[in-house]
Each structure stands twice: as C-alpha cells, then as structure tokens.
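Notes for the one structure printed next.
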Amino acid sequence: MEIQNKAMLITYADSLGKNLKDVHQVLKEDIGDAIGGVHLLPFFPSTGDRGFAPADYTRVDAAFGDWADVEALGEEYYLMFDFMINHISRESVMYQDFKKNHDDSKYKDFFIRWEKFWAKAGENRPTQADVDLIYKRKDKAPTQEITFDDGTTENLWNTFGEEQIDIDVNSAIAKEFIKTTLEDMVKHGANLIRLDAFAYAVKKVDTNDFFVEPEIWDTLNEVREILTPLKAEILPEIHEHYSIPKKINDHGYFTYDFALPMTTLYTLYSGKTNQLAKWLKMSPMKQFTTLDTHDGIGVVDARDILTDDEIDYASEQLYKVGANVKKTYSSASYNNLDIYQINSTYYSALGNDDAAYLLSRVFQVFAPGIPQIYYVGLLAGENDIALLESTKEGRNINRHYYTREEVKSEVKRPVVANLLKLLSWRNESPAFDLAGSITVDTPTDTTIVVTRQDENGQNKAVLTADAANKTFEIVENGQTVMSSDNLTQN
C-alpha cells in the first residue's frame, strides 16, 4: 500500500492491548476510519530504550506477535517502521561476533572504533577540545569500553544508552547490513522508513558530529537509492532548529513538523495567534505534523518561530497550566538525556481541558502536511504518574499501557469522540490535497482563519478559531462540518 494522505497513528505494539493482534482489533473496532496509517514503534527484539536498542531486525519480538500480524496491518493501513541507522544493540550478532573474534571478525569494521578513528587525525587526538566539540547526549566522551574474548580492550563510539553501540555507516559491511535490513522491512509491509537519530550517524574529525554536511546527504541518498525502486520513502527524524528540516525538505524528503507542538501550546496559553499564523504560512506540505510522540515535547524545535521570551513563557505556563507536570519529571533524576524536551501528554499539557485540546488538534489538522497522532493523544490521555514513579523514567509519563477495556471506555469520552470525527472528516476531505494551497489570516490578535484548498480549486475547507475563547468553526464548501457549538457532548 502506498503512503496515503490520511492521519497516521503512532503506537507501540503492546500499548493498545497486549500485542499486534490487539492493535489491529482496536483500529477496526474502536478507531475506525479516523486512522489511515500506522507508525509501529520498534517491535523487534531489543535490549533497551523501549525497542530503540534493536538486537535483530529479522524477527518480530515474540511477545508482540509475528510478521504475519505486521503484514495483516499493512493490508489495511500504510505502515512506517523505525530503522536505527546510528546504532544497534550489544546483543546483536555483529557486536557479539566482534567481541568474540576481534580483528578476525567479519564485523571488525561495523562499529566506530574510537582509538582508530582518532589515530587517523594525528597524534595525541582526541584532545579535550575535540571531545568538547562533539554534540553529546551525555556529559562525557561518547564511548564505551569493549572487552574482547582475547582479553584486550578498546573503546567504541556510543552516543546514546549503554545498549546502543554506534555503527560505522561508511563501512562496506554496514552498508550491506543497511541495504538488506531496509529491503526486508519493505518486504514485510513498510511504506515509510523513519530514520531514527540519523543526524548522529556521520562522524568526522573537526566537526560536532551532528548533521555533518555534505556527508549526511550522501548517507540519505544511499538510503533513498535503496528504497525508491521499492516504492518506499524515508522520514528522517531530527529535533533541531526548523531550518534543518527545511533543508531536508528542500532535498525532496518528507520531514517532521516538530515546531508545531510548542507553537500551538504558546497560542493556546497566550490566546495570541500571530506566531501560529507565521509558522503555518512557512510550513511545507510534504511533512508529517505532530503534537505528541513517544518522546517529550520539543522546545528547541520552535526557536526563532517563537522568540526566546515566548518559549520561556510557554515552558513556564506548561508547568503552571499542565496537570501533573513537574520540572523534575524532565530532569536527570528521571533518566532524561534531552534537557530540551518536556515530559507530559499533550492533553495534560493543556490542563486536561477538552476545549483547548480539541482546538489544538483542529490546528494540527489544518496545518500543511499529514497529521500523526500518538496513541495516548488519540485517547486524550492524562499523565501516567503511577508508571512514571514505578519506573523513574521521565518519558513513561506519556506511555500508558491501555487494556482493551480501557480503550473501549476512552473512545466514548466526548473529547475523543469529537477527535475521531474530526480525523475521519480530514481523511476524506479533498481540501487537504498536499498539492493544494493554504492561506492564513489573523483578523484580530486572538483569532485565526485558515483556508485549505485542493490543487484545482474545487474544494475548500475554512477554519475560523478564537485561541483566547477556545472556540472554532469548520466550514467545507459552504457547509458547517464541526464547531464548538455542535460537538458531541456525551
């Protein structure tokens, strides 16, 4: 199935029920036509980071099901899988073989060997200045010692967690692995590959090792050359200043809109629509929009769309207005690597306020691109403090495990019923043609009018909203589709 211009659900294999069969059942029985695609967060055997330390891409974790379950989903929904191009688990065949056989291993060039990497740069490298220059996710050099079976030791590049060992994407053996893995994913139904942490994949002396140009384009192009003949696309994942996703988009790739979450929060906290209007006018059509994902709410992504003062205001309001949102939940004491993300569900970030939350999703639907909705957001979920405290993992505040019974109950809540109705309409409306147009006006400081029109100008959807009063009306071709006055109440 090709990528469709329909809302995409982001979910773990065991978060809507216990496994992939349950996910499929939830979609068919409880969600219906509100969702057209599914981003299945990593479902392979993994040794950490909730699937993001994959040990074996050839298998589905048996706890979730098997490839037949994945392929069954792919018959009804377009699918996105994650490929962690930057790293792989210590339990992978590659690492274990290297550990056992050292320089006799076929995988001796699969990983980035720290000492060998710096030896090419000259004597006495790395210096402290070299290490300080690296864009790091921890407060020390990004290395991990490996002890080989022959008793010797050396350091491997290790950007993220202890289980996630960096791959040398320029080595022949890694290129072969990347090609066979991606081809296998498409064979099992992937229409879109999310390249996780790709900006860290290229390492180069005398750079910060993050989004290293021009080499990063070579890496992306190599992946595209593998996928294009298979009619699959790439979605590179990067949390950074909006100018970098713009560059990626200019190269013809899908991108994420990670600026929208914070910009929308600012709009609904302040009641002012000017910055949202500015961003909607700037945004590309070939993108997937988000308000929430499996990670926290990105702050850095909105820089220069919002001023520093506006970002500070929105961040502080998030802690004031948000329900059960505390600064400590996004700190090192809750195992957070990224200080530029705030951990909360989007619903709780808006104070569990149904009107504000539904309006945030209305803004997302009218934004350029295809909307992605995280499973907790689809069910307007509140912060899961019990899971957070039992695991001391900050991001788990937004990773509730729903039983089938919970899902059936949650979809009956008015806010969820209205969201599902909104998405179902969006999926079928021709006005949201990605080849079409968007116009944005702000008649007053607190109001915004967004018009989406298809390429041939035959279909038009108009949103009129007041961010201060949290009211809105959607009109399609002269007919009111939904408004604050005609919502499902019970």
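The backbone N, Cα and C atoms fix where each Cβ goes, and this holds for glycine too.
What Swiss-Prot records for this protein:
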BINDING   Asp49, His87, Arg194, Leu195, Asp196, Glu237, His294, Asp295, Asp338, Ile339, Tyr340, Gln341, Arg395  sucrose binding site
ACT_SITE  Asp196  active site, nucleophile
ACT_SITE  Glu237  active site, proton donor
- prompt: Measuring Cα to Cα, how many angstrom lie between Arg194 (sucrose binding site) and Glu237 (active site, proton donor)?
  reply: 7
Nonlocal residues around Arg395 (sucrose binding site), in sequence order (Cβ under 8 Å, 6 or more apart): His294, Asp295, Gly296, Asn336, Asn343
- prompt: Helix, strand or coil at Arg395 (sucrose binding site), per DSSP?
  reply: helix
- request: Using DSSP with the three-state reduction, classify Tyr340 (sucrose binding site) as helix, strand or coil.
  value: coil
For the binding-site residues Arg194, His294, the one whose C-beta sees the most other C-beta atoms within 10 angstroms: Arg194
- prompt: Can you tell me how far the Cα of Glu237 (active site, proton donor) sits from the Cα of Asp196 (sucrose binding site), in Å?
  reply: 5
Statement: Filtered by Cβ under 8 Å and at least 6 apart in sequence, the residues in the chain of Tyr340 (sucrose binding site) near it are His239, Gly298, Val299, Val300
Statement: Cβ atoms other than its own within 10 Å of the Cβ of Asp49 (sucrose binding site), all chains, total 20
